[in-house]
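Notes to accompany the following structure.
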Amino acid sequence: MDRARPGRRRASSEIVTEGKRKKSSPADLQKITKLLTVKSEDVLAQSPLSKLRGSECWWTRSLRNKVICLDHKKPKAARGCPPKGLPKRHLRVMLTNVLWTDLGREFRKTLPRKDANLCAPSKVQSDSLPSTSVDSIETCQRLDPLHQSLNLSERTPRVILTDIRQTELGRKYLKIPPVTEASLSDTANLKSEQLSSSSDGSLESCQSVNHHKSFLSESGPKPSRTGDVPAKEAACGGQKQGDDGGVTPEMAAPHPKDFNTGNKGCDYLEEGTSNKNTSYSYSEMDHTPVSRKRKKRGRSNFHDSHNSKTSLDKPTEHTKEEENDSSVSRKLEESGEDSHQDPAPPEGLAPESLESEATNLRSFAAGQEPDASAASGRASSPNKSLESSASSEVSENSSVAVKGEALTLKEASPPGGSSEESQLLISAEPIVVSSDEEGPVEHKNSVILKLQPPHEIMSENQGTSDPQLSELTLGACESVQVTSELFPYNPDVENISCIKSNSEMDLKLDFIFTCVYIGKIKGTPKGCVTFTKKYIKIPFQVSTNEISLTVDTARLKRFGLWESKDEDHSKRSHAILFLWLSSDYLQDIQTQLENPMLSQQSKANEFIFLELNSSISQREELKLKDIMMEISTKNGNLHLSCPLPWVQALPLFQDLSPQEISFLHYYYASASALPTAAGADMKKKSVSQPSNSDTIKPTYTFLHKQSSGCYSLSITSSPEEEWQEVRNTGPVQKLIVYPPPPTKGGLGVTNEDLECLEEGEFLNDVIIDFYLKYLLLEKASDELVERSHIFSSFFYKCLTRKENNLTEDNPDLSVAQRRHRRVRTWTRHINIFNKDYIFVPVNESSHWYLAVICFPWLEEAVYEDCPQTVSQQFQGQQSQHDHKMTDNDPHTTSTVSTSAEDSQSTEVNMSVPKKMCKRPCILILDSLKAASIQNTVQNLREYLEVEWEVKRKTHREFSKTNMVDLCPKVPKQDNSSDCGVYLLQYVESFFQDPIVNFELPIHLEKWFPRHVIKTKREDIRELILKLHLQQQKGGSC
């Protein structure tokens, strides 16, 4: 063949070398390298064929040359119509593996896609990469059988692949993952399947190899992806064959011995085209299934919608010239849409594994004879796509193919109807395959080929409700054979679509019982009582009659489960199941029992008592409640949601005589160890819970012990007795009057007031007033008593009480004067301006706090020399203040040194008297700081101002300057109920450790420990009870 003809310009992408006539010279190699360097931005090497050597390569050593045309600038040549004026010739090209060059190594490190698509020698699978180019790149090659006698050189053919994603326009679609999985096949015909693409152009690569492995290079494509594409789209390729080599469109049936089962591998050959009209709609890109995201390995057959719509390998007749590119693109798009409705089974698909590096594939020779009838049946029936197709699904992070091992699936469908039997050879790793062409919804229904023992295949439904996925035909078992040594049978992956859920099963519970009581009837068991949501079945026997009573749960009113803890009856059962039936259901009960002893007029027939063999377990009790809850929900009877207690059930039948109800006659009477006739006494006993009886059970028990002929007796609390809180429900009783008579103004404390001393309760005003009086009279020193006055807890409430204006005598009075008139009688016997400390308990919004008016007779702060006793107290407060300041001051070094100097000077000058500050102020001691302090202080200032006018007959202004308000830091409460307790403790601590120096600031954080508050309630309770006993003794004397 001529290298080039005159008048024809050689394409830049064509690399032509002669076979045995002329070896590639260094100059040619330099040209090749230069061409590759120019296209460095668009080159993507993905072929691992460089490692396919020797007899394992599908390239026959007898063939010395191979031709490939990579023309990116001739769209018509790429479409199958050669340029006019050019002579017809056969080109031969030596494929170069870019992975061995520096440029290839660079791309191998940077590009994310590292796998290559390998094909069997008899078929080239071309999947369209997600392209961002407007051009549609299609490559179609056929190898001429005329060159089958030529021998290829020793060098292994290599393929240069171009990835359009590396262009400037394609980079913005890099986020779309590529979906290119190839299939291995040893069929004799060429088939090209195309994935749905999201780009404006479709990438197709086609190769056709005959059974003699002869090759013919041509530019015309032959799209055979769908059966809807007319034959005219492949006409140009057929005409080119006829012109160049005279090859007829009919291809001879392959001979089994000519097949090389070990040859695998083919890379994509991509060609660019400038046709911008050939495009898919963008909406199709949104539904493109991304197979690379499927990491799961499984085994399954193919759904009809999962199979690509690829035409069968039938003889194609050459008709006419190919239409324009836009027409071809439209037909391809229509065929892609129809592929989800009427799929045809793809032939000769084989699973393969893709690796970032080239992977060695070792083939296992299989000399099986073809099965013509099986293959022809698969080719003729579109309903057997599950048996004749397999899809490849490869995870980019998993390595499937192992070096030296391979998986081969051979299928053939020759025109004459002859075929060969498909054979599957497995590798050391499970091979995951999926369809090469999937619809927009199939990514949710990933079907996977399952590897298991020979002649067995199983499917698993994943993400779909179609029952056809769980069905396997006999043809699938015949077409796929898997060795069992590497992949044993796994029953865990079987189809579980027919498993019935546990929720559909009814709840059922059985009890072993000893007796059943229905009205006057007592029966012995003949089995277990069964509880379900629909019925309750009770098998029993009365005399010689065996009865199986079935109670409809819709007629059940209440149920009860009672257990007795009485040790006296330990020989008997301690569990009773109680069923209360509807009165209109008694006729059906009588019909089932066939006993004239039952009377519909008797209320006792509504009750069924089941004496259980033993106490039921907690699990059985919970299940019984679940069944009753289901019955309650089903029938709308809310009473069945909880069991009926014995106390509520006893009044239902306690008025019945033992002759009417056998339960009272047999079980209840014997359990009480009383005569049968004593019906009135029997009703006072209970099986499980104490009834409303006058008999009081002792709360103690005797323990007897014999030792050395002597008996010892001890009394302890009954272990069965439960401690309950005792609440006095009787009349209110006055416990104490404090101070007791003959002192006037005594305050009475009742038993109701004592209850507020329980933990978590709020203290009422009676307890507050009682303890304040007690502190003033019993705890305070005589000096403090003379200098102090305590108002009642009602004082501030009366002072701030709102009254109707009509009740006021003089409407011209100010607000402060009106308030003072309400409490003017509270100080008629005392002058508060002669006191140093006036305590005012305040309650606002159920919160107690204390207000202390200090030195109301002073108009400004006064400093006095304190006596020796007060000086020691003052020094303690000062040291406490210094310690607090040391903790709060960040400059601790200077503060500590200053305190040390002060202490030294104090020790030296002990004889020097200290000054004590008396400041008129209002102290607010609040354990929660939740009150409106400013309003309280202002109300007290206004009261003092009016009281001063009344007592001193002069006017004096109590303002913020001469009567300041102070809020010292005091111990705080840690709950929401101890505010009253803290108020009492503030007053008690004030009397025990009074504030002698009012120099600011005043720190009282460590005024008293916290544990004092924890026991304060109990201390007050004991005090009241102690006073109660004292006053009772005094009254009795």
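Just so it is clear, glycine is given a Cβ too, placed from its N, Cα and C backbone atoms.
Taken from Swiss-Prot, the feature active site covers His847, Asp926. Residues or ranges marked as active site, nucleophile in Swiss-Prot: Cys979. Residues or ranges marked as compositional bias 'Low complexity' by Swiss-Prot: 192-208, 379-399. The compositional bias 'Basic and acidic residues' annotation in Swiss-Prot covers 301-321, 328-341, 880-890. Per Swiss-Prot, the feature phosphoserine maps to Ser12, Ser13, Ser25, Ser434, Ser435. Marked as region 'Disordered' by Swiss-Prot: 1-27, 185-399, 873-909. Annotation source Swiss-Prot lists region 'Protease' at 747-1037, citing similarity to another entry.
Here the features listed in Swiss-Prot are painted onto the structure.
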| residue | record | Cβ neighbours (10 Å) |
| --- | --- | --- |
| His847 | active site | 18 |
| Asp926 | active site | 23 |
| Cys979 | active site, nucleophile | 21 |
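Reported as a whole number, the C-alpha separation between His847 (active site) and the residue listed as 'active site, nucleophile' equals 6 Å. Asp926 (active site) sits 8 Å from the residue listed as 'active site, nucleophile', taking the CA atoms of both as reference points. DSSP assigns Asp926 (active site) to coil, not to a helix or a strand.
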